[in-house]
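Taking it in order: structure first as structure tokens, then the write-up.
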Amino acid sequence: FNATDGHHSVQNSITSPWFSTAFGLIGLCSNLFALCVLLSSSRQLSSRARSSFLVFLCGLVVTDFMGLLVTASVIIPYHFIKFSWAKVDPGCHLCNFLGFSMVFFGQCPLLLGATMAGERFFGINHPFSRSTSISKRRAWSIVGLVWGFSCLLGLLPVLGLGRYTLQYPGSWCFLTLLPDTGNIIFCLLFALLGIFSVLLSFIFNTVSVVTLCRVYHDRESVQRRRDSEVEMMVQLVGIMIIATICWMPLLIFIVQTVLQQLPASGQVHLLPTQTQKMLLIYIRMVTWNQILDPWVYILFRRAVLQRIYPSLRPRPSILSLYPVLNPSLRRKLTADSVLQ
């Protein structure tokens, strides 16, 4: 147990059962709605580039939905029943499963965001380095690799590196922020990998946005905007901003807490009360990431934006940037690159 067992503090509003229930229901409904919209849109697309991007988005939505469903199925009942973990889970199997779920479903969106940013970076900045776009099967394979890598990361405490412990107010399990060698390595691995994913997304997206801005303001191609590329980048930047705001405070907090406790050399056996509460607040911020992600795609689609700005109309794609091309090459690229 990684926190104090103060019954009076459990009644604090930050640990209210209605708070967790409301968050869970809103997040599940949002992701379910976004998944329906994604599936409907994917059936109407002929562009492989756009289709592969929708696969990544679909993987992100499924991850967020399952993450909320799995964690809420344990956390919400605890708030209403207040069961004893020692009796219900004497072997710590449920705690390990919940801790694994927190790490797995937490790391996946960050890695998927970096993967999507990398795919769009090469698609926008090096459009002719690949004759065809990523197929749906390959895109799903990449999503599967991300899931597999995150699964291995989440299993490290079960395999002996670090451990999952019960956290304040006793309703959830997560990695242990105590000064033990295994815990320190696992905490730093989790936090630094997340920070690296966010920074990588920022670099890729920044370069891609700069490229699109140059195209947008080019006098020869100002009437030939790559609408689909712009739409995808707007959604991707929105996902990156949400991930940065929701995740960076927690990741930085984990690194700071672990490094500040290094001189203690294992003498600390319980986190300070203020640290416990701050960790819970940062976890609640992370929950917003799973709630807001689906709305980025729901709201920032051309079908929605064109109702707000009727002047937005489909225009030719990336081929408009390169008017002088071999006719056979243009025909080959048109089959794979022209978006809607």
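Note that Cβ sites are derived from N, Cα and C of the backbone, with glycine treated the same way.
Quick caveat, the model's predicted, so the values are computed rather than measured.
Features as listed in TrEMBL:
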- 30-297: domain 'G-protein coupled receptors family 1 profile' (DOMAIN)
- 18-41: transmembrane segment (TRANSMEM)
- 53-78: transmembrane segment (TRANSMEM)
- 98-118: transmembrane segment (TRANSMEM)
- 139-162: transmembrane segment (TRANSMEM)
- 182-215: transmembrane segment (TRANSMEM)
- 236-259: transmembrane segment (TRANSMEM)
- 279-300: transmembrane segment (TRANSMEM)
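Counting C-beta pairs under 8 angstroms (sequence separation of 6 or more), the transmembrane segment (279-300) fails to reach the transmembrane segment (182-215), with fewer than 3 such pairs.
Across the domain 'G-protein coupled receptors family 1 profile' (30-297), the prediction's mean pLDDT works out to 84.
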